[in-house]
Structures are given as structure tokens and as C-alpha cells.
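Over in TrEMBL, the protein carries these features:
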- 1-65: region 'Disordered' (REGION)
- 102-123: transmembrane segment (TRANSMEM)
- 143-166: transmembrane segment (TRANSMEM)
- 216-238: transmembrane segment (TRANSMEM)
- 244-268: transmembrane segment (TRANSMEM)
- 288-305: transmembrane segment (TRANSMEM)
- 325-346: transmembrane segment (TRANSMEM)
- 366-388: transmembrane segment (TRANSMEM)
- 400-427: transmembrane segment (TRANSMEM)
- 439-463: transmembrane segment (TRANSMEM)
- 469-493: transmembrane segment (TRANSMEM)
- 513-538: region 'Disordered' (REGION)
- 518-538: compositional bias 'Basic and acidic residues' (COMPBIAS)
């Protein structure tokens, strides 16, 4: 990973877009910039924005105002159309993604696969994301975000078709060939997810102007949160329908994919999110600014800390009748589904109902440091109770279930806030001319973290001890180390703007516009006059004058 030290992260203005950019997405805010200025009334017959004399009859003035308002609404809807189309596709796709994952998990357990073997299958899903996110970022930049969307939907269709054959070939699933076959299907499913996800996360940045950071936070949080909500519904759908008909659940998931394809074809054009192809290169993809680089490193260990115990170990523990809960398939699916829905809803509403009242919007380095730190005591408590409590030693089933359910949901809520903040920061730190490439790089590192966590969790649960309670506890102990590493990399972010606030109790640097590290450039650049800096000052001056004139 290469980092560009001359980038100053959040506080520096993004580089100008490449010449002749072909992106066709514009913000709806531009169409309402002068709303409320009423020197006259806008009239359709005179052209959009034209003023008519105020001595016209009152009925004509009212009709002109209604027409003008309708046109503004129409322009806003047209500007947001790509956002609506991509978000709808992303949410419906997430429903199929959760359903496929639950089908694979439950059949793996029922057919006697070990936790490590299942982890290897799921790891192929994550490993494909390392490569796919790079390709998706370059494809989305060169050919528009419509292209990776359609490729992802195609991959998911093929993956579902392979699972039809998997059921028909159960006799080979007890050997290595069967595991490899399922892993290959998971590779396609993982690639599909990352193709679609890149489009879903990029569209927020494309429809939001630089000055609307709070709005950007809300859009990103909404997409991320409701994506996980739909994925949770997919878990429940998969676990429930697979009890009735294996082929039936696969057919239902294929039907959902069939609905999304026309939506994409109708709602997006090929130029959305597109930049000139000579502007797209692997080197440019892998060259990121300082803040993006360290945020990605923190992301690796943040998601590794969760997937060490969640992806495979705890699901096997729930079904284990000797050391665990002995739950049936539908109960495991319900647990994972509810967890994911709660996680997604907290992501969606955290900015409005948690971070805003605490004074932590827009988020910065202090915000993610604060919420990552809270994961440490929660994880330590879970590991300690599993390892040493008499309730787990004596298998007091009621106490065990209550503790696991409560603590996993607490972890889910805190982790969801962290994920929401990270998802916002990556689009905040991304230059507007390379959105798809930077988001692709970011989710490549996310896939690395999930891959390491999935493999590590499966190995720990399989080999640490024959006592599955001790094995599960070991996953949480390793998770503590991942939290520490995520916190360390977050410290290096150059984004202290706004300081830190936690309600009225804690305030640190809140009145500071920036810190020395925010504006620091390399020694060579610092001694030279900056043309971009002068331009930025002129733009800021013009914006200030416009604001004063508007108030006047």
C-alpha cells in the first residue's frame, strides 16, 4: 500500500476532478440553493428561474409558485434517482446474500463439516473480496457503477445455480472435492457481494456535495445499516425456508435477483460515476492519502476482532449439545438474523440518536478512538465469563443463554457505531474524482480483516481444546489483541477537526478548527507557495461573500 504524504486527510480540499469527467450525478442541493429568495416569483413560462413582476394577479403568482416548486421537486428527484436505484438493488441483493450464507452454514453443520472446514469455505468468500474490490473499483471508475452492479448480479446467479448441484451431489460432500466445490461457489458469491457493495457505498459520495458532510454521514449510515438489516432478514429467510424445501429457498433467492436486474437497467446510465479511462490505473488505485491508509489498517483489525468469534465458532457452539445450547437450525438462523438486524438498525440511527446528542457529528479521529475503546472491556468480560464462570463450568443452561444473548447484543450495538463511523470517514477522506477506486481499496482491506478473522476463529475453535467453551473463549482473547491494533492505527489519523465531545461531561479541543497534524505538509511543500491553497482561499472568500449577500 502506498500512501501520499502530501495529502492532509479530512481538512484538505479534495483534488480537482480529472478533465472531461463523465460523471452525470449531481446533487439535489444545487437545485434548491436559492430557495427562499423572493425578489419575484419563478414562472415556468419565462424559463426556469426567471422572475415575473409582482404586480401580476394573485392567482397567477400562486400558480407560478406552485409550478416552480414542482420543478424543483422534479429536479431533486432526478438528481437522487441513481441513489434510489443503487440503494434498492443493494438492499435486495443483501437479502439473497444472507440467505445463501445461512443455507451453506446449516448444510455444512448437518453434513458433519468441522468448524475449520466451514471457516475455509467462508474464507474463500472473503478472500475473493481482496481481488474483487480492486477490480470493482477500477471497473466502476472506467465504465460507471452500473457495470459492477450487473456483474455482481450475474455472479450471484451463477453461485445459486451451483448450489442447486450441491444438493444433488450430496454423496461427494464428505470428501475434499465437495468442500472445494462449495468454496468455489462462495468465491463467486463473495465477488458478487463486493461488486454490488462498491456501487452502493460510492453512490452516496457522488450525490453529496463537499459542504454537506452531515448529510453524507446520514446517507452512508442509512445504506450501511439497512443493508445489514436486509442481510439479517436473509438469514432468517434462509434458515426458515430451508426447513421446508432446499430447492424452494434457492428458487426464491433467484427470483429476487431477477427483480433487481431490470431496476438497474432502467434506472442507471453507463456514465454514472465514470471518469476517463486513462485516469484509471492499478497504481492510482493503490495510492491513497494518509488518512485513507491508516483508516484501512484499522479496519482490518476492527472487523477481524468480530469475525474471530462470530462467523463460525459461536454458530457451532449454539448447535453443540454437549458444551453449548443444542439449538436447532431455525433457532441458529433466528439468532444470526436478529443480531444482524439489530446491528444494522443501530448503524442507521446512531448518527441521529446517539452521535448528534453527544456532539460527535461529523465524526473524526476522536470519535472512532472513543468507540473502538469500548469494545475492549466488553470483549474481555465475555471471554472471562466463558473461561472461568461456574455457570459455564456446570452448564447452567438458562444463565449461559441469557449471558451470551445479552453480551453479544451489547457488542453488536457498540460495534455497529464503530462501523457506521468508519463507513462515513472513508467517504469523507475520499477525493471526489476517485470515489470508486478508493472505496474499492477500503473494502479490499475490510475483506482481508474478515478473511483473517474467519480462518483464525475456525482454527482456534477446532484445535485449542476439546472443551468447546474454552475454545470459544480463546477466540475472544485473540480478539482483544485485534482491538488494540485497531486503536493504535486509528491514532495516526490526521483528523482532529472539531475536537472531542461526549455530551456535556467531556469536551476536548471542541473550539479548535484544526491541529498542527491536520495541516502539516511535507517539508519541501511547506516552503513553497501553493497555487491550490490560493484557489481554495479565493473560493472560501467568494462563498462567504455569497452567504452575507444572501442574508442581506
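Our numbering is plain: 1 for the first residue shown, then up by one each step along the chain.
Cβ coordinates come from backbone N, Cα and C, glycine included.
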* Which listed stretch (102-123, 288-305, 439-463, 469-493) has the most C-beta pairs under 8 A with the transmembrane segment (400-427)? -> 288-305
* Asked: Are there at least 3 C-beta pairs under 8 angstroms linking the transmembrane segment (366-388) and the transmembrane segment (288-305), leaving out pairs fewer than 6 apart in sequence?
  -> yes
* Structure fact -> If one takes Cβ-Cβ under 8 Å and requires six or more residues beyond its ends, the residues near the transmembrane segment (244-268) are 81-82, 84-86, 88-89, 92-93, 95-96, 99-100, 103, 107, 144-146, 149-150, 153, 156-157, 160, 163-164, 167, 237-238
* **Sequence-remote partners of the transmembrane segment (469-493) [C-beta within less than 8 Å, at least six residues beyond its ends]** => 9, 290-291, 294-295, 297-302, 304-306, 308-309, 313-314, 317, 323-324, 364-365, 368-369, 372-373, 375-376, 379-380, 382-383, 386-387, 392-393, 425, 453, 456-457, 460-462
